[in-house]
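The feature domain 'BPTI/Kunitz inhibitor' is assigned by TrEMBL to 28-78, 83-133, 138-188, 193-243. Taken from TrEMBL, the feature signal peptide applies to 1-22.
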Amino acid sequence: MKVYAILTFLACAGCVFQSTIAAQNPGCLDPIITGPCMAYFPSFGYNQDTHSCESFIYGGCLGNANRFETMEACRNSCEDPGCLDPIITGPCMAYFPSFGYNQDTQSCESFIYGGCLGNANRFETMEACRNSCEDPGCLDPIITGPCMAYFPSFGYNQDTHSCESFIYGGCWGNGNRFETMEACRTSCEDSACLDPIITGPCMAYFPSFGYNQDTQSCERFIYGGCQGNGNRFETMEACRTSCED
């Protein structure tokens, strides 16, 4: 009976969360649709699975209301302001690795959610937490845009875990654009280094490198292939360049 009551509570909590978003903008509950046409409109939509906004390319026709011109517009319309809530583990004894935004450090951190009486400041992945609560630009793709102006810029590449230079054309860009390499690195590269080194539960064998905050140095580890994070580099050099002084 107690288990049923807890499950009922959690289900109702989810209903309230969804209703809050729907009240703000019913389009947030629509799926993200690129459409069948072949135009190229960088856009942003709300992903209900991750509870966060993400970028996508809209083809120009047969879309829906879950489409915004900027990440800020999407977040203002759809995301729950859970980032301002305290991180709550809850009184129950289940074990759900989760992530929440810490206002004191102004960054996302991991915590264990007990399974009941939590709040909206709880995300399944570090990426989802950062997408919702931290400076979002680092997680957006690097977009040069279709215009033909010439603005030397810098953006964060998630594949290499490092900032790189690119030429911005002057329109249809996003938050992953900085005027200097230093500004990009300060905003984006340090964040991954603060994540714990996670091998993940899967059994693949990917020799990798991550930054250990206790020793303040990069070290080798084996990544299992799933449920990792940004603190994972293909080479020791890449790890040191991003994380060590």
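From the backbone N, Cα and C atoms, a Cβ is placed for every residue, glycine too.
Here the domain 'BPTI/Kunitz inhibitor' (138-188) has, by DSSP, the following mix of helix, strand and coil residues: 10 helix, 15 strand, 26 coil. Summarised as a single figure, the pLDDT of the domain 'BPTI/Kunitz inhibitor' (28-78) averages 87.
The DSSP breakdown of the domain 'BPTI/Kunitz inhibitor' (83-133) into helical (H, G, I), extended (E, B) and coil residues amounts to 10 helix, 15 strand, 26 coil. DSSP states for the domain 'BPTI/Kunitz inhibitor' (193-243), grouped as helix (H, G, I), strand (E, B) and coil, give 9 helix, 15 strand, 27 coil. Within the domain 'BPTI/Kunitz inhibitor' (28-78), the DSSP-based counts of helix, strand and coil residues read 10 helix, 15 strand, 26 coil.
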